[in-house]
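K.L.:
Marked as compositional bias 'Basic and acidic residues' by TrEMBL: 12-36. What TrEMBL lists as domain 'Major facilitator superfamily (MFS) profile' is 270-498. Positions annotated as region 'Disordered' by TrEMBL: 1-53. Look at TrEMBL and you will find 64-89, 109-129, 136-156, 162-185, 192-214, 226-244, 276-295, 315-332, 344-363, 369-393, 405-423, 435-457 tagged as transmembrane segment.
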Amino acid sequence: MTEGNNMPEGDTTAKDEVPAEEKRPQEEEEKKENGDSKVTVPEQTSATDTEEVEFVHPEGGWGWLVMLAAMWCNGSVFGIQNAFGILFLSLLREFGSEDDEDLRFRTAWVGSLSMGMIFFCSPIVSVFTDVLGCRVTAVGGAAVGLVGLLASSFVTSLGPLYFTYGIVFACGCSFAYQPSLVILGHYFKKRLGLVNGIVTAGSSIFTITLPFVLSGLLEKVGLQNTMRVLCILMFVLMLAGFTYRPLLPVKASNSPTGSRCPPMSQVFNLNIWKSLGYRIWAFGIPAALYGYFVPYVHLMKHVEERFGQDASKEVLLMCIGITSGVGRLIFGRVADYVNGVNKVYLQVTSFFVIGLMSMMIPLCNIFGGLIAVCLLMGLFDGCFICIMAPIAFELVGAKDVSQAIGFLLGLMSVPMTVGPPIAGFLRDRLGSYDVAFYLAGIPPIFGGAVLCLIPWVEARRKRREKEALSKDQVASQKMIEHEKAQGEARCKTGESVL
């Protein structure tokens, strides 16, 4: 009865409230028109735009030009590094006697330090790439590399060359190289494996041609002028960096001061280390690379000692370059058809073959056998390189891939730097490269075996996530049923009261 007597008052209140509710949309519309809701509307719009950019890639267009620029980057950076065996012979003749007991050990440090610094700087480069963007980082890096290489052309002893070529030039190459990997993810997703294969094939093209070019230049104009000619490659690389137009939105800064610099948690992204699969990958790859760079530095000298100075040693680098380019194109395309982290098995296979081929080098007593070894080594070298970025995308996702690649390359710097000097030391002490090449084949086999754990670990993680999700769904369903039962009970109680 009490509720019945209050019904008119409730009706009056309801009538008063209805116009107020009708006014609210009008007030909100007026606020939007007056600019009071500027914060809310752009946030909704930016969220929509972000989703479109993240999930819809052009798969071409300007991306093809970016791909060519990244291809030039890979070619100029690693073509010069892979052809260091030719420069190594010239450095031996230029800066000392080839009979010097430790000359090979000290000279090998120039090339290995340069290759190692390219990877050692990668974690820092990933931070610069996230903060400044791919374009600024790449162009600035190419400029630094140009200065370092030009300064190396005026050096007259090994000591300063460690700094100008091994550090300055290499650091510049590192800052120019890594953005070329990251920018591809802005333009391609379905074709990312194929595009990475084409881009990384750039170093194969340069590896094929540079040994012959360098040999001719060294004979005609000498070491210093040859380095000045190589500066042209770095200048073109600097121009190529201007094509890196980013598409993915820059991460919003949570800095309370509103400055451009992001918070430390974003600068040093530790989320990537939460993935056990990535941690295994970041350990297995460096473990496999202690002997990786040894053939590129010492194979030319080994051929001279085994087959004489008149042997066509440049042909071996050409063979590695040709089949490496073919391997990058083939396995880059194959990787697009391999699901998820199972792409790791391609790297496992490549490491096993590279390790066996390194051990086969001292056993080749005829030049034709050495050519066959280099052809196989180059083919699977291309396989290993071209699927680095796709595997990183699978393990950590697109948002964290920049620092994931950066930290991995940084860890790779230690074995890439240490391997060639150790091989040179063994040659100086034992009188031949045989033991050095035998030992160089062990780390790739060991590292490949470690990588076999990644698919199993990732499958177990996904299984656990699926089980946890199903439990959450069951719990949510029970809560809904419980709330529904309580609601029905309230309705029955209200009907009984009425």
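Each Cβ is built from the backbone N, Cα and C atoms, and glycine gets one as well.
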K.L.:
Cβ under 8 Å to the transmembrane segment (109-129), counting only same-chain residues 6 or more beyond its ends: which ones?
P.N.:
77, 81, 84, 87-88, 91, 137, 141, 158, 161-162, 165-167, 169-171, 173-175, 177-179, 182, 267-268, 293, 296-297, 402-403, 405-414, 416-421
K.L.:
Should the transmembrane segment (315-332) and the transmembrane segment (192-214) be scored as in contact, given a threshold of at least 3 Cβ pairs under 8 Å and pairs 6 or more apart?
P.N.:
yes
K.L.:
Could you tell me what the rest of the chain brings near the transmembrane segment (162-185), counting residues at least six beyond its ends with Cβ under 8 Å?
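P.N.:
Long-range Cβ neighbours of the transmembrane segment (162-185): 63, 66-67, 69-70, 73-74, 77, 81, 109-110, 113-122, 125-126, 128-129, 134-135, 137-149, 151-152, 155, 192, 195-196, 199, 234, 237-238, 241, 244, 246, 248, 388-389, 393, 398, 401-402, 405-406, 409.
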K.L.:
Six or more residues beyond either end and a Cβ under 8 Å away: which residues meet both conditions relative to the transmembrane segment (136-156)?
P.N.:
73, 77, 125, 128-129, 164-165, 167-180, 224-225, 227-228, 230-231, 234-235, 237-238, 240-242, 244
